[in-house]
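Take a look at the structure set out below.
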């Protein structure tokens, strides 16, 4: 699909291949034992999440109406002949980058995806910088994970893995009970952020040392998400934009055609929720739409409320009050999804 989407007049063929990939992804998700254990766990969660991401990319490739063109860093010289054989060779060489280059860096379809600038943030430029970045971030992530694992988890009436438990402890007095929930809800995105960043550094290091890529192809992944002054600022600019293209192609565009702009926003966040829910499903206790998908839908609702506020008052959500609003909204709904992950043993 990544090869064909770079070539003209291949949409019918691409659409015909999509169901086959869906069946293969389902088989890999359900028929293979990844860690030698009969008990589903983290490895299944990682695989179902990853395959969900690939299926979103595949759907984007299959339904695209225009070819994806690599405008920079292409394996095909700019003056290469336009004959089919040469273009097919270039598409083959560029297909791997297209599959995993989720922000479209160097591609014509990546221009609408925000990429943080190198100035004002930590942005290693060479392989040694990336290696050092990986080691330091990985160590920090390990401390964050240890801090999260240091909390006692409680029994729950909701689906719970034998190694999991709830972050809500009804036996604690209210101040300690909700203080613990807030602390664990804060630690979770901190862990996600450092985990993603460490992986990004590791893959970038391999890409530069083995495949000859340059630091310019690996700009910053995050843009100081803790400084977001609104939900729109957080999700649209500061949090990583790795899945934005997939969420727009598979969620926002079709939903907007049916329900307008509001539907488009909710559609993008709904698809995000479904993808994360598939990861939860991999833990072996089923999905939990009421917590995981619902969290992302409520992020979309919050973004819509910000637009309504601006249109009604003429004042944009920003500044210290905007930061407070965004943090309260995300922490409140975020505690539900963190509790779901904790109950499934992912901590």
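Each Cβ is built from the backbone N, Cα and C atoms, and glycine gets one as well.
With helix defined as DSSP H, G or I and strand as E or B, the domain 'Wax synthase' (218-296) counts 58 helix, 0 strand, 21 coil. According to TrEMBL, the domain 'Wax synthase' annotation covers 218-296.
Look at TrEMBL and you will find 181-208 (among others) tagged as transmembrane segment.
Feature annotation from TrEMBL assigns transmembrane segment to 258-283 (among others).
Summarising the annotation, TrEMBL assigns transmembrane segment to 289-309 (among others). Here the transmembrane segment (289-309) has long-range neighbours at 230-232, 235, 262, 265-266, 268-270, 272-274, 276-277, 280, 315, 317, 326, 329-330, 333-334, 336-337, 339-340, meaning same-chain residues at least 6 beyond its ends whose C-beta is under 8 angstroms from one of its own.
Per TrEMBL, the feature transmembrane segment maps to 321-338 (among others). Counting only same-chain residues 6+ beyond the ends of the transmembrane segment (321-338), those with a CB under 8 A from a CB of the stretch are 167, 181-182, 184-186, 188-189, 227-231, 233-234, 276, 291-292, 294-295, 298-299, 302.
Counting only same-chain residues 6+ beyond the ends of the transmembrane segment (181-208), those with a CB under 8 A from a CB of the stretch are 124, 126-127, 130-131, 133-134, 137-138, 140-141, 144-145, 147-148, 151, 167-168, 214-215, 217-218, 221-222, 225, 240, 331, 334-335, 338, 341-342.
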